[in-house]
Each structure stands twice: as C-alpha cells, then as structure tokens.
Amino acid sequence: MAAPQLPHEKGFHISWDQIHRDSRALAWRLDGRGPGQDGTWKAIVAITRGGMAPAMIIARELGVRLVDTISVKSYDHQTQGEAQVLSKPDPEMVGDGTGVLVIDDLVDTGKTLEVVRGLYPQAHFATVYAKPKGEPLVDTFITGVSQDTWIFFPWDMALQYVEPYRGKD
Ligand SMILES: O=P(O)(O)OC[C@H]1O[C@H](OP(=O)(O)OP(=O)(O)O)[C@H](O)[C@@H]1O
Ligand SMILES: Nc1nc2[nH]cnc2c(=O)[nH]1
Ligand SMILES: [Mg+2]
C-alpha cells in the first residue's frame, strides 16, 4: 500500500459496507455487456491487491467462476511511479482478454491499467473509483473523485477513538 505520494487535500474514507455497495453497483453496470450468451463474461482477472475485494463481489453477482489474478507492484521513483508485473494469470484462460473483466479498486494516474491493458488489449477494464487522469484508461467505473483526493480503503483503516469536539469534559 503506497503512502500518499502527492499533496492530497481531501481524504475519501470507504467503509466495508460502502465498498460492498459500490462493487455491487459495478457488477450491475457490467451485467449483460460481455461477448458471451446473454451478455455473459468468460472470466475475471483481479489486479492485486486492491482489486481482489471488488472482483470477489463482482464474480459472485455475475456468476463468474473463472477468477484469477495479475500481481502488479507500483514502484515509487523520485520522478515517476511505474508498475511492474510480478505474476500473470493463466494464459489458457485469459488469451488476449476477449470476454475477460479486469477489475481494480481504483485508477489514479492510469499507470497500472496501462501496463495490464498492454497485455490484454481485448479485455474490459473496470474499477470502482476513478480519478480524472486515469479515466481514459478505464472502460467502466462507478464513482469519480478529484485528483487531489486520497482514497482510504477499509483494509487500510481501523475504527478508533477520537476526542470529543469540545475537548475533555
Ligand atoms: O492508476 P495508478 O496510479 O497506477 O494507481 C492505481 C493503483 O494503485 C493502487 O494499488 P497499489 O499500487 O497501491 O498496490 P495494492 O493494490 O497492492 O495496494 C490501486 O489499488 C491501483 O491498483
Ligand atoms: N489507497 C489508495 N491507493 C492509491 N494508489 C493510487 N492512488 C490511490 C488512492 O487514492 N488510494
Ligand atoms: Mg492496486
């Protein structure tokens, strides 16, 4: 989990309940848009690690049983981040990506999707959240957030005590 790299004025804190609701909404948005019979999708590939949670929900909603992952690690250089593929899904299952849904939790700069799209040009790329710079790289997303927003996912957070607004009683 990369620490916020750019000055991010805003935080967008997502609960488990909200990521579940938004992932379900993405599933409904994707339903019937695949190349298969009745618009079905052949398989789902989750981009690790953030894409695995939405992918599980979408696979369950759309009845997709072929689910695999592509492991991608973003490096943070002084100048720019780049994404490196650590492991790939089963080539028999994925081929050029035809009928495959590639799922991630969010697209920010688009660097991750750019790399994966190069491998599977025929796949359909979907994320739950998108920032403006990454929007050209994604085919379907649910909620747009501003470029200066850092999205906090439930797996990155814990419930904690906060002081009363008016200080100690
Ligand atoms: O559009 P980009 O600028 O490439 O950023 C988007 C990617 O960054 C986050 O993953 P991260 O690299 O933090 O790894 P993780 O999902 O394993 O936590 C997020 O889950 C996306 O995969
Ligand atoms: N958690 C999280 N990871 C990111 N990676 C790139 N942008 C983001 C973001 O806004 N939130
Ligand atoms: Mg990720």
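Cβ atoms are placed via backbone N, Cα and C, with glycine included.
A quick note: this is a predicted structure, and the numbers were derived from the prediction, not measured.
Feature annotation from TrEMBL assigns domain 'Phosphoribosyltransferase' to 15-161. Looking just at the domain 'Phosphoribosyltransferase' (15-161), the mean pLDDT is 95.
Counted within 10 Å of its Cβ, the other Cβ atoms near Thr109 (GMP binding site) come to 18, all protein chains included. According to TrEMBL, the feature 5-phospho-alpha-D-ribose 1-diphosphate binding site maps to Arg49, Gly50, Asp104, Asp105, Leu106, Val107, Asp108, Thr109, Gly110, Lys111, Thr112.
What TrEMBL records for Asp105 is Mg(2+) binding site. Residues near Asp105 (Mg(2+) binding site) in space but far in sequence (CB under 8 A, at least 6 apart, same chain), listed by position: Ile19, Gly50, Gly51, Ala53, Pro54, Thr127, Val128, Tyr129, Ile151, Phe153. Reduced to three states, the DSSP call for Asp105 (Mg(2+) binding site) is strand.
Annotation comment: TrEMBL describes Asp108, Ile151 as xanthine binding site. Cβ contacts within 10 Å of Asp108 (5-phospho-alpha-D-ribose 1-diphosphate binding site), excluding its own Cβ and spanning all protein chains shown: 24.
Marked as GMP binding site by TrEMBL: Asp108, Thr109, Gly110, Lys111, Thr112, Trp150, Ile151. Taking Cβ-Cβ distances under 8 Å and a sequence gap of 6 or more within the same chain, the neighbours of Thr112 (5-phospho-alpha-D-ribose 1-diphosphate binding site) are Ile47, Val72, Ser74, Ala83, Asp104.
Within 10 Å of the C-beta of Ile151 (xanthine binding site) there are 21 other C-beta atoms, taking all protein chains into account. Ile151 (xanthine binding site) falls within a strand when secondary structure is assigned with DSSP. Sequence annotations record features per position, and here TrEMBL assigns guanine binding site to Asp108, Ile151.
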Message: What does the structure give for the C-alpha distance between Asp108 (5-phospho-alpha-D-ribose 1-diphosphate binding site) and Trp150 (GMP binding site)? Integer Å is fine.
response: 9
Field: Distance, Trp150 (GMP binding site) to Gly110 (5-phospho-alpha-D-ribose 1-diphosphate binding site) (CA atoms, angstrom)
entry: 15
- prompt: Looking only at Asp104, Trp150, which of these binding-site residues has the biggest number of Cβ atoms within 10 Å around its Cβ?
  reply: Asp104
- request: According to DSSP, folded down to helix, strand and coil, what is Arg49 (5-phospho-alpha-D-ribose 1-diphosphate binding site)?
  value: coil
